[in-house]
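Trainee: Positions annotated as domain 'Lactate/malate dehydrogenase N-terminal' by TrEMBL: 5-151. Here TrEMBL flags 41, 104, 128, 129, 130 as NAD(+) binding site. The substrate binding site feature in TrEMBL is assigned to 91, 97, 130, 161. What TrEMBL records for 155-329 is domain 'Lactate/malate dehydrogenase C-terminal'. The annotation active site, proton acceptor is assigned in TrEMBL to 186.
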């Protein structure tokens, strides 16, 4: 078959180092799909990137037709089938969230414009770099000729964390847990919701609340653990969660490409337009979705209790504030 063109930005960084091998060996787009990997990073990282290219060559992977390292957007974004935007400005010690937003608006405005100008109009764009939801919204707004629905941001790592916490608590495999939901922002206001989640216990499918029988844990420590997990990993490892983030990116992109399994939904940050859950329009908010033919749809009709409502509104409020700040910067960027 024809090779697809896959861009990874921040390609000399930690997450990319865990991610590139999985993509190149066929874990994401299938064992039959040849690909061209385009690797973008900033100019000072080009020597490091050369080393990554050497390693990819040395893996001798049959699907990998070409690797293109670059620090130029016009090279990186050309004719893309998929763009995985990992690179962003990380939060430095003593940095206000506002400063972080400002620096990232500049990056994602520029990359959005480059997508608009050079990529295929069918390109799927996945934003990983934080603040992921707002970065994704800015990229989308800067690429008016690409459908908004083609943009998504990663909340799959949070989704996987939630699944795993439930599985650990019950002593089952993570595969036995399905339909957890991450609502809202990929930040500590996100709401991991297991009201609609199911778990397979000894061959029988039951609701998570029924299986765990510990409401105070589910409404307390469980939520906090998932919300704070990234910080906990950094504290322990002195580095961010690159391995699990890379795995989540693979899951997210594979589901976009091949669809979600029957009877299961996943969480991803998508444009909120037309949702039935009372989330304001024009936010990049994490919802439960099902995917078919490379197109996602909201999972509709889930009953929302008061506890959930409050948490969903709180994270929407944070996203609205982030958006307002970012849009201010966008006009001056």
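Note: Cβ is positioned from N, Cα and C throughout, glycine not excepted.
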Trainee: If you count other Cβ atoms within 10 Å of each one's Cβ, which of the recorded positions 97, 186 has the most?
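Mentor: Checking each of 97, 186, the winner is 186.
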Trainee: Specify the count of other C-beta atoms within 10 Å of the C-beta of residue 41 (NAD(+) binding site).
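Mentor: There are 23 of them.
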Trainee: Using a 10 angstroms cut-off on Cβ to Cβ distances, just flag whichever of 91, 161 is the loneliest among these binding-site residues.
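Mentor: Ranked by other Cβ atoms within 10 Å, the binding-site residues 91, 161 bottom out at 91.
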Trainee: Using Cβ atoms only, which residues of the same chain lie under 8 Å from residue 104 (NAD(+) binding site) while being at least 6 residues apart in sequence?
Mentor: 88, 89, 129, 130, 131, 134, 135, 138
Trainee: Specify the count of other C-beta atoms within 10 Å of the C-beta of residue 130 (NAD(+) binding site).
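Mentor: 20, counting other Cβ atoms within 10 Å of residue 130 (NAD(+) binding site).
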Trainee: When you rank 41, 128, 186 by Cα distance to residue 161 (substrate binding site), which of the recorded positions ends up on top as the closest?
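Mentor: Comparing Cα positions, the candidate nearest residue 161 (substrate binding site) turns out to be 186.
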Trainee: Spatially speaking, which of the recorded positions 41, 128, 186 is closest to residue 97 (substrate binding site)? Use C-alpha to C-alpha, please.
Mentor: 186
Trainee: Just give me the nearest neighbour of the residue listed as 'active site, proton acceptor' among the binding-site residues 41, 91, 128, Cα to Cα.
Mentor: 128
Trainee: Fewest other CB within 10 angstroms, which one of the binding-site residues 128, 129?
Mentor: 129
Trainee: Return only the integer: C-alpha distance in Å from residue 41 (NAD(+) binding site) to residue 91 (substrate binding site).
Mentor: 18
Trainee: The record lists 91, 97, 130, 161 as binding substrate. What's the largest Cα to Cα distance among them, in Å, rounded to a whole number?
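Mentor: That value is 24 Å for the farthest Cα pair.
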Trainee: How far is it from residue 91 (substrate binding site) to residue 128 (NAD(+) binding site), counting Cα to Cα, in Å?
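Mentor: Each residue's Cα considered, residue 91 (substrate binding site) and residue 128 (NAD(+) binding site) end up 14 Å apart.
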Trainee: Taking helix as H, G and I and strand as E and B in DSSP, count the residues of the domain 'Lactate/malate dehydrogenase N-terminal' (5-151) in helix, strand and coil.
Mentor: 66 helix, 27 strand, 54 coil
Trainee: Taking only the residues in the domain 'Lactate/malate dehydrogenase C-terminal' (155-329), give me the average pLDDT of this model.
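Mentor: Value for the domain 'Lactate/malate dehydrogenase C-terminal' (155-329), mean pLDDT as a whole number: 97.
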